[in-house]
Protein chains: 2
Amino acid sequence: MAEEAAVRAQADTVRRLKQDKADPDEIAKEVAKLLEMKAQLGEDEGKHKFVLKTPKGTRDYGPKQMAIRERAFNAIISCFKRHGAEVIDTPVFELKETLTGKYGEDSKLIYDLKDQGGELLSLRYDLTVPFARYLAMNKITNIKRYHIAKVYRRDNPAMTRGRYREFYQCDFDIAGQFDPMIPDAECLKIVHEILSDLQLGDFVIKVNDRRILDGMFAVCGVPDSKFRTICSSVDKLDKVPWEEVRSEMVGEKGLSPEAADRIGEYVQLHGGLDLIERLLQDPKLSQNKLAKEGLGDMKLLFEYLTLFGITGKISFDLSLARGLDYYTGVIFEAVLLHQENEHVEEPVSVGSVAGGGRYDGLVGMFDPKGRKVPCVGVSIGIERIFSILEQKLEASEEKIRTTETQVLVASAQKKLLEERLKLISELWDAGIKAEMLYKKNPKLLNQLQYCEDTGIPLVAIVGEQELKDGVVKLRIVATREEVNVRRESLVEEIRIRTSQC
Amino acid sequence: MAEEAAVRAQADTVRRLKQDKADPDEIAKEVAKLLEMKAQLGEDEGKHKFVLKTPKGTRDYGPKQMAIRERAFNAIISCFKRHGAEVIDTPVFELKETLTGKYGEDSKLIYDLKDQGGELLSLRYDLTVPFARYLAMNKITNIKRYHIAKVYRRDNPAMTRGRYREFYQCDFDIAGQFDPMIPDAECLKIVHEILSDLQLGDFVIKVNDRRILDGMFAVCGVPDSKFRTICSSVDKLDKVPWEEVRSEMVGEKGLSPEAADRIGEYVQLHGGLDLIERLLQDPKLSQNKLAKEGLGDMKLLFEYLTLFGITGKISFDLSLARGLDYYTGVIFEAVLLHQENEHVEEPVSVGSVAGGGRYDGLVGMFDPKGRKVPCVGVSIGIERIFSILEQKLEASEEKIRTTETQVLVASAQKKLLEERLKLISELWDAGIKAEMLYKKNPKLLNQLQYCEDTGIPLVAIVGEQELKDGVVKLRIVATREEVNVRRESLVEEIRIRTSQC
């Protein structure tokens with residue numbers, strides 16, 4: 001059969017790529033193709049087998065992963081709240097037309113729902129467009145909010161590197177008409193606080209401005225109509241070398257080689273206030289209105305960042321472009337510089353972990369009268385951060401608890417199920433986190449072993465003698481110490497010993 | 001045009017139903033139809049207007065709603081953690097075939113994704129089937145977990161009554177082979193704790209067992225093949241009177257009138273231990289193996305619930321059937337008895353707020369070798385609870401804060417933006433929740449007004465004199481008291497005054 005031969009050929013391709021230690025993304029792509037071909041073949045043969053898996057590009061979070069995820073979320077939410085943000089939530093799907101025309105070339109990655117009658121729907125692609133829709137719909141002109149939720153992209157997943165089709169975004173945005181660069185500076189401060197707090201290693205936050213890019217394109221001789229597409233090419237510079245980007249500009253996009261070379265000189269530049277000053281004196285750029293505006297604001301931004309004491313991690317980088325269409329001013333992206341990992345020789349490249357910028361026109365696209373609400377915001381790419389935290393935790397062999405149980409209610413003899421049920425009910429009603437084994441007559445050893453396995457620090461043991469004496473034997477798992485505690489003092493004793501006050 | 005006439009006729013229908021004060025669900029259905037007809041008409045005419053809305057049956061949560069939602073979630077999560085549950089998360093969509101054959105008649109309400117190449121996907125319909133898939137996939141035979149996430153049903157929404165197409169479920173399940181009724185009793189204890197904690201008003205938890213139902217059907221003369229469909233009819237008894245259910249059984253489902261009448265006698269029964277004892281003596285039921293097993297376990301359950309001290313809110317109710325196919329043992333459902341509300345004359349019926357049961361066969365449906373993992377669990381219907389909490393809050397006129405900001409950094413004179421930025425940065429770095437207005441030179445009055453509006457309790461005011469003296473003026477918004485605090489003591493002073501220790 002031709003299909004089977006094709007599958008075998010594809011399997012050979014995968015094998016060869018693995019032998020050649022090819023780019024992991026490349027391998028992942030070919031493996032995915034192989035799996036789909038196999039699945040297709042299975043279906044065609046009519047002997048369809050049920051596959052026990054999650055959809056491509058998605059994953060379950062088990063209790064351990066959830067514990068890590070909660071740590072990261074807590075750090076991020078604390079920061080957002082520290083900056084006075086409110087929180088909102090929006091539906092996981094939007095009317096299809098709400099998303100139309102907002103994402104440029106990336107629109108092909110949007111998940112659509114099947115037309116089952118009624119409205120045409122799509123899964124949200126990010127949290128920014130739903131936020132703008134929310135503002136326009138409720139005529140809100142002034143808000144500082146965060147939103148943590150899953151978004152969906154039919155991208156080629158590279159899950160070992162934290163790239164999924166379903167992933168969380170943690171967004172913080174400031175909407176409203178304010179004095180220049182004050183909210184923008186706060187967004188960068190937030191990224192700095194979160195990345196420092198999470199201790200992911202050294203990082204740099206690249207900053208640029210769409211107006212500087214557009215001004216630069218103009219003075220380099222790029223025709224207006226090609227601004228966005230040339231901008232997309234520049235956006236690839238963090239992944240591919242300049243020579244390739246240049247040949248895309250000249251070959252595919254029809255830019256003159258001279259214009260491309262002029263761009264090439266600019267996009268190599270990165271620095272701080274000194275570079276901004278230099279470009280403000282640049283004979284060509286300083287003549288361009290947009291570039292001048294952008295550079296003036298960039299200078300102001302750096303002044304504020306100096307007051308925040310964070311310029312050490314900020315790099316004004318002319319090669320930063322950002323893919324999305326809707327940005328209109330400052331743009332930024334945080335990247336981890338290198339990731340230490342004892343188990344692998346090569347540093348794991350995790351790419352960008354946060355990004356954002358100013359989008360002053362997006363809300364106006366939803367308003368029937370086109371009224372604009374200026375916005376600036378940041379999105380934390382939490383999945384990549386999870387990947388790193390997970391690897392770190394595995395390397396450290398730290399034992400992570402997945403429950404908060406304070407005490408196990410146990411019995412030393414048989415026929416004490418009723419007494420255990422009575423005691424655990426008292427503890428629950430007093431707000432103590434308590435568990436018991438769901439056995440009528442569990443062995444004491446098994447009950448103690450359960451505490452060892454799950455990290456429960458205390459055992460409250462009921463026995464015939466204790467019941468007579470009106471006490472409970474409290475065992476401290478770590479030290480194996482045992483004390484008799486009067487029943488009426490038990491709750492207090494557990495609280496003190498687990499220092500929950 | 002025929003279409004326009006149809007729209008006008010539909011509009012008349014809606015008007016008439018409203019005048020007649022018809023069933024709100026009915027009205028909502030006809031309004032939805034009208035809107036869709038209008039939308040259709042707009043599209044057909046080619047002058048399609050962009051509609052600024054969320055998809056049908058969904059809604060945004062603004063900051064106030066989120067504050068309410070977080071309160072409810074906190075109560076629920078605290079309870080789940082108190083009972084030692086771990087937490088997991090699964091993707092929002094599953095392979096379509098994962099959901100196939102699990103929901104009986106309700107399957108038509110599943111949202112499918114569009115086939116854009118690759119796998120066929122559906123949005124999850126509940127959290128139970130994904131949980132069973134997770135257990136089978138990871139070969140887990142023993143876990144106590146909770147899962148809080150959105151599920152999706154293409155139902156007719158009745159949003160004023162808390163019925164949506166996208167809604168949260170809060171699930172707690174215990175999987176594993178244990179001694180009978182211990183985990184089942186814990187699930188009921190959890191429902192009792194959560195509903196008591198949320199103070200939603202009086203409630204009752206109805207309990208039954210699929211084995212008792214099946215035994216009852218058998219002794220009433222229902223043929224085996226009609227068990228599930230007759231069970232679906234019984235399930236409607238909480239909404240429609242017996243006479244209607246009876247005529248569905250006899251008319252549509254072809255049951256003999258005698259069998260229906262015998263069922264009619266049983267399903268009127270509800271009570272406690274006394275009823276269980278009586279039925280154990282029932283000459284017909286006691287002869288049926290399934291019913292006897294179910295009644296025996298029900299008796300055990302009530303003994304455990306007595307130890308938990310919660311039988312006062314539990315009603316063994318033979319009319320409780322639950323819609324879903326996968327239940328195999330105990331089933332239960334919590335309903336609010338009536339909802340006090342000062343603003344409306346009639347008590348708002350909110351129906352069931354929690355439900356669950358035992359499903360010992362579901363995991364086996366996913367396991368290649370059919371290995372079973374017994375499970376029992378409960379799902380809290382949080383949207384209806386939100387609706388009630390929202391109404392309560394509106395009625396109480398309690399002012400609810402949507403941020404946690406402790407202090408506003410303000411200035412009394414102009415040209416102090418830099419000083420405000422320096423101070424707020426210090427506060428953020430010390431973990432203080434602080435805001436400032438994004439203006440170069442805001443008026444003091446506006447800054448104080450902002451605190452009044454948002455409930456910020458403190459204002460840290462920088463001025464020329466304070467800067468010279470090395471102090472900050474701290475204003476307590478509620479009392480208008482002002483004290484000078486040395487800059488180095490400011491963080492400590494704010495912590496004490498906002499009692500965050």
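Along the chain as shown, the residues are counted starting at 1.
Just so it is clear, glycine is given a Cβ too, placed from its N, Cα and C backbone atoms.
According to TrEMBL, the feature region 'Disordered' maps to A:1-21.
When averaged over the domain 'WHEP-TRS' (A:1-55), pLDDT in the model lands at 71. According to TrEMBL, the domain 'WHEP-TRS' annotation covers A:1-55.
The annotation domain 'Aminoacyl-transfer RNA synthetases class-II family profile' is assigned in TrEMBL to A:57-389.
In three-state terms derived from DSSP, A:Q169 (L-histidine binding site) belongs to an extended strand segment. The L-histidine binding site annotation in TrEMBL covers A:D126, A:L127, A:T128, A:R153, A:Q169, A:D173, A:R322, A:Y326, A:Y327.
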Packing count at A:Y327 (L-histidine binding site) (other Cβ atoms within 10 Å of its Cβ): 24
Cβ atoms near A:D126 (L-histidine binding site) (within 10 Å, other residues, all chains): 20
Residue among the binding-site residues A:T128, A:Q169 whose Cβ has the most other Cβ atoms within 10 Å: A:T128
Local backbone state of A:T128 (L-histidine binding site), from DSSP in three classes: helix
A:R322 (L-histidine binding site) CB neighbourhood, other CB atoms within 10 A: 22
Mapped DSSP class for A:R322 (L-histidine binding site), helix or strand or coil: coil
